[in-house]
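J.: Copied straight from TrEMBL:
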- B:9-16, B:34-36, B:51-54, B:Glu62, B:Asp82: GTP binding site (BINDING)
- B:His50: active site, GMP-histidine intermediate (ACT_SITE)
Amino acid sequence: MSLVHLILGGARSGKSRHALSICGRMRGPHKFIATAQAYDDEMTERIRQHREERANFWHTIEAPIELARAITSVNDGTVLVDCCTLWLSNVMLAELDIGREADALVESIARAKANVVLVSNEVGSGIVPENRLGRDFRDEQGRLNQRLAEISDTVELVVAGLPLRLKG
Amino acid sequence: MSLVHLILGGARSGKSRHALSICGRMRGPHKFIATAQAYDDEMTERIRQHREERANFWHTIEAPIELARAITSVNDGTVLVDCCTLWLSNVMLAELDIGREADALVESIARAKANVVLVSNEVGSGIVPENRLGRDFRDEQGRLNQRLAEISDTVELVVAGLPLRLKG
Amino acid sequence: MSLVHLILGGARSGKSRHALSICGRMRGPHKFIATAQAYDDEMTERIRQHREERANFWHTIEAPIELARAITSVNDGTVLVDCCTLWLSNVMLAELDIGREADALVESIARAKANVVLVSNEVGSGIVPENRLGRDFRDEQGRLNQRLAEISDTVELVVAGLPLRLKG
């Protein structure tokens, strides 16, 4: 039986580090699905930092957009997806059909043979963004997080590195 | 005896859906007070979506600004207010005295004969807004949420559709 | 033995008021370290409001930047630091080395002879800020909150005036 564990939190809340620690307690082999895409120097630097933070010996799959397919390709052990927010951002920038992509993602997770640990951002607790894209992104991320929470066995919110159990 | 139940959460956190489910477990008749005002196409669309999400058979009272009066007008059963954030935004745009309007709202809730379920946004957990209006709104919303929490029997924070009990 | 108590929350979440109440239950004498710096009328007004909110008889130390030194200077009782977010903002605006300043702050707290109650903002739960300074600030604040949480005996998140225990 495989488990789904969703880890939510704000920027630099310690989500990724907590996710690594959760994965470390689950069965191997461990795989890492990275969704980050380097489109400028700042992003390249952030990706580099994230790579350093995780154990180097993990097998990494790059899946900026084809996340559902990447999850389905893992047949055993535990897979860590970091993160669903960058994936959503990539899908929106590529002007794909968000509803269809989200359906495929949710289905791939629900049917996964591996344990799946998901990292996703909480982005809806500031004031209303000034531009339409920001508002749309906020809405889509909120909807996606609700769907992911619904199919997860365990959901935690990380604040300042400390996990708070929301489900399971 | 009537109860006051406050439901806080970020944008698209599942607050409204949770509020509907809470109301459904309280005594009828059920009334819905909508505070949204359509001033552009995007807002019209959002209002339409919200209407679809709630049960059509509920009696709806439109109260973009006269919220205290609308709450006082309900004599029994349970009333759902969705949401205090749009109301605050309408009051600020109409350049009314926020302190006085908030006093009237808090008093109408404290004295309500019906159960009152309130939906309100958490807006203070992003970085400092760049413009003065954004900062003022954030401050006023924070103050209002504290006052509403103080007079509520139960307070919950909704994250990704999952309620977290803060009081009661 | 001295205790470290960290109080996190969004803007106008009731953090400061809760911090005052926590301090009031700890041993005296009570000292207040203020980090706010008035660089415009809006800020002057905010500082004035905060001064009114706290009891006037507290001894106040102004430390917009030299926070570590101020904490070290307190030899007994309880010291309230309000807040770490304004301090971080002052350090960034002064273009000091954030890593080194944060190291000194964390060390001063860990070695404090007085009980230390810290107030700090949650700023990472909105959408990605549009400007680089906003993104950097958000990252630094997130990192700092994680470090402070790590050396704290108790950590609470305040939402609408209601504390939620995260640690201790």
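Just so it is clear, glycine is given a Cβ too, placed from its N, Cα and C backbone atoms.
If you look at the structure here, what lies around each of the features I listed?
T.: The Cβ of B:Gly9 (GTP binding site) lies under 8 Å from the Cβ of B:Lys15, B:His18, B:Asn121, B:Glu122, B:Leu157, B:Val158, B:Val159, each of which sits 6+ residues away along the same chain.
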J.: Cβ-Cβ under 8 Å from B:Glu62 (GTP binding site), same chain, 6 or more residues apart: which ones?
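T.: In sequence order, the residues whose Cβ lies under 8 Å from that of B:Glu62 (GTP binding site) (at least 6 apart) are B:Ile33, B:Ala34.
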J.: Quick one: of the binding-site residues B:Arg12, B:Lys15, B:Glu52, which have a CB under 8 A from chain A's CB atoms?
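T.: From B:Arg12, B:Lys15, B:Glu52, flagged as close to A: B:Arg12.
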J.: When you measure from the Cβ of B:Lys15 (GTP binding site), how many other Cβ atoms are you left with inside 10 Å?
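T.: Its Cβ has 28 other Cβ atoms within 10 Å.
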J.: Can you give me the same-chain residues 6 or more apart in sequence from B:Glu52 (GTP binding site) with a CB-CB distance under 8 Å?
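T.: Residues satisfying the criterion: none.
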